[in-house]
Amino acid sequence: MKGGKIVQLTRPNRINSEIRAIKVRLTGVEGDQIGIVNLREALKKSEELGLDLVEISPNAEPPVCRIMDYGKFLYEKSKSSKEQKKKQKVIHIKEIKFRPGTDEGDYQVKLRNLIRFLEDGDKAKITLRFRGREMAHQKIGVDVLNRVKNDLIELATVEYFPSKIEGRQMIMILAPKKK
């Protein structure tokens, strides 16, 4: 065979004959402390039970080893990590753009969308854009942001409220209230 590679599996824990310590601190199947024993004795005990000797903490002095079924241990570990991933909620920031002259109908539609975003558990970013002469009437922009804030007071908390205009826009960030 030409140019073949030998792929060595790297396990997170050393098992059975891979353990290099002379003496180990041994724990039983149920987690009960057996004590500090010779590696040969520990391997013998694990073979008698038909299980594996797994090095749990290699940096300890002496290394901690446990008698267990290694395949079952890996399965349980992957299962618990999958469960943790399921429980994590990714929070997205949804953006809605307003203008100082946004009419009532458009305002209600945008407010409905904001309510939907917040109920889904996402943060909402309200961007208020100014064009041309609207820059002279920044008070109207602040009034629009205050109106949005007051309309959503039961659903959201204000994470960031602009103190002044940034460029040609003002940005307010809302986070959903915890239930």
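Glycine residues also receive a Cβ, built from the backbone N, Cα and C atoms like all the rest.
Pulled from Swiss-Prot, these are the features on record:
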- TYR107: site 'Important for 30S binding' (SITE)
- LYS110: site 'Important for 30S binding' (SITE)
Looking only at Cβ atoms, how many others are within 10 Å of the one on LYS110 (site 'Important for 30S binding')?
16
So if I draw a 10 Å sphere around the Cβ of TYR107 (site 'Important for 30S binding'), how many other Cβ atoms end up inside it?
15
